[in-house]
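Following: one structure in structure tokens, then a few remarks.
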Amino acid sequence: MTAFFGFTGKGDFLEQMATPLRHWSADREGKFTSKQLSLGCLEMYTIPESVLAPQPFRHENFIIVGDCRIDNREALRKILKLKPDQVMADLEFIVRLYAKKGKETPKLLIGDFAFIIWDSKKEELFGARDQLGIKIFYYAIQQEQLVFASEIKGILAYPGMSKEFNELVLATTFSLDGPSSSEGTLYNAIDAQPAGTWMHFKAGTLTLKKYWTLGDHNITIPETHEERLGKFKDLFFLSVKDRMRTNKRLGLELSGGLDSTGIGGALMTYLGKGGDLSCYSFGKALQPTQEIDKFDEGDLMHEFCKENGLLSKWRKFDERDFTVKDHLNLMTKVQDEVDMNFLPTLTAAFLKQAKKEKIGVMFSGWGGDMAATLTLGGFYRPLAIKKRYWALWKDIRRKHDVPMAFIKWLYFSIKFLQGDSVLKTYKEKSKKKYASSPLKRKIIEKHQLLDREPSIYKVKSTIEISDYLSTYLTEVGINKRIVDHGLVGRHFGVDYRFPMMDLRLLEYIYALPIDTITYQGKSRYLFTEIIRPYIPNGVIDKRKSKVPSVPFTKAFQRDALDEIIAFVQANFDELENMTYLDSDKALSILKKPDPGNFGTLSKLMFYIIKKKSNV
């Protein structure tokens, strides 16, 4: 696990860039400087071989820094014609591959990676980010020089870097689903390297090129249904096993849902009953604000841990374990942009304990129900809207007999005859959301925010499984939440790993026919079938969790509200100086303490903190 940073051209600025990145305890720091380039890094050794390639690492005329975990090391070993007993760090595999294959390198990698390579002979820089965007780096151009870092705060520390907010991104954080990946970062001067792309920089010219799109690889699909299930199981278990490669202790975010217990079940097949796996769960609220907050599916989590000999290593957390002080600390020292989901922020409730228990790797099921385990059952609504009536009939018939299928076909055909009521509902909700926000009306009109089509609607408008997956991976905040998890985890010395977001697994699902993925119209069919023997029956019966991801969220928001209002009020002059915010609307929100306004107030607190720190 590495934070890296640097810039082309002359200057003694590495220490300035490193300072804000030291919000976590690295095992070592390294740097390289020349007249053409400066590189720096903070490393924690979460992979055994990492110590063999201290960064910045030199190979021939190449120097590399990066945050990388490579899964196809044996395939690369063959390409590089290495001896079977030759042990190397993942970073060395990458730089040797680049020396041999050049810009083709990222296409040949499977894993989570973001890296920068400097070629001292050609005086050019090459960088790449993994296909699914698990790892990340940011960049900016300043006076024809490239400045880059794995966290935005590293770039902001570069002398003369503009700290002006991106008005559109700031405005859309008050929307239903937040900024899209195409709208940039919170700062006008800084961009994120897109997932699945490489960059090339030479003599002041920057080139970005996409090297991967879902569906690019030719995937062989087994002939029979049973063989297809078998291959899916093999790929999932391989995904989990590959992410177990570490010299640190393992942790698991455990809920009563299918994804996390499924990952846990796979982990225990390798670790054995009572193996060294610590489980961390969000528990129910001690003082609930509503009926649903009283439940946390602790019975299912308890059953999983009991079956696997993990009861002594299972911890549950509630609103006492996350405070406004924790929230402020993350906003001030760690987070560079608004955490739209808020769940990565709340992981601090248990990551503090995980750090004490020397956990170095945390497994998360994030991305499962959107991609690998698929809650999708069919495309009834979008097919009806697009008047694809024969396709709608076939889709419904996969699950129902003829009489029931006809009733459902008639229902959907008539319901959406006049167009899409769902989009209308989304837009009405969006209009109310913006109206209650502290944004100035002219900003809403300037960016035509009321006409903006929500990302989730784009996903729900697809009529093919291939489009569904591609849209989810590119349009919805999957990458953003993964990046947020990684950033908060790093602060506590924990490397987050996501078995559901595995390139091989997703490419296989993409290539499968829908009748295999949602057999007889059953959602989550594939994963349920292959994981059934490894998890409690209660999880299988329930399939989708019926409680909030963090049951104590509302209780924390209620308890934190007064402190957050006090903070915003004490710094209200900062809001008045922000030309895109309506101070009167903000003031009215402050005067009506309502836990329903927590999200808005939390964002105002975040922008105040960033505005003050960026002066």
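Keep in mind that glycine also has a Cβ here, set from the backbone N, Cα and C atoms.
According to TrEMBL, the L-glutamine binding site annotation covers Asp90. Cβ neighbour count for Asp90 (L-glutamine binding site) (all protein chains, 10 Å cutoff from its Cβ): 24. In the three-state DSSP assignment, the secondary structure recorded for Asp90 (L-glutamine binding site) is helix.
For Ser364 (ATP binding site), the number of other Cβ atoms no farther than 10 Å from its own Cβ, over all displayed protein chains, is 26. The ATP binding site feature in TrEMBL is assigned to Ser364, Gly365.
Marked as domain 'Glutamine amidotransferase type-2' by TrEMBL: 2-179.
Taken residue by residue with DSSP, Ser364 (ATP binding site) is part of neither helix nor strand, so it is coil. There are 24 other CB atoms within 10 A of the CB of Gly365 (ATP binding site), with all protein chains counted. Restricting the average to the domain 'Glutamine amidotransferase type-2' (2-179) gives a pLDDT of 96.
Rounded to a whole number, the C-alpha distance linking Ser364 (ATP binding site) with Asp90 (L-glutamine binding site) is 22 angstrom.
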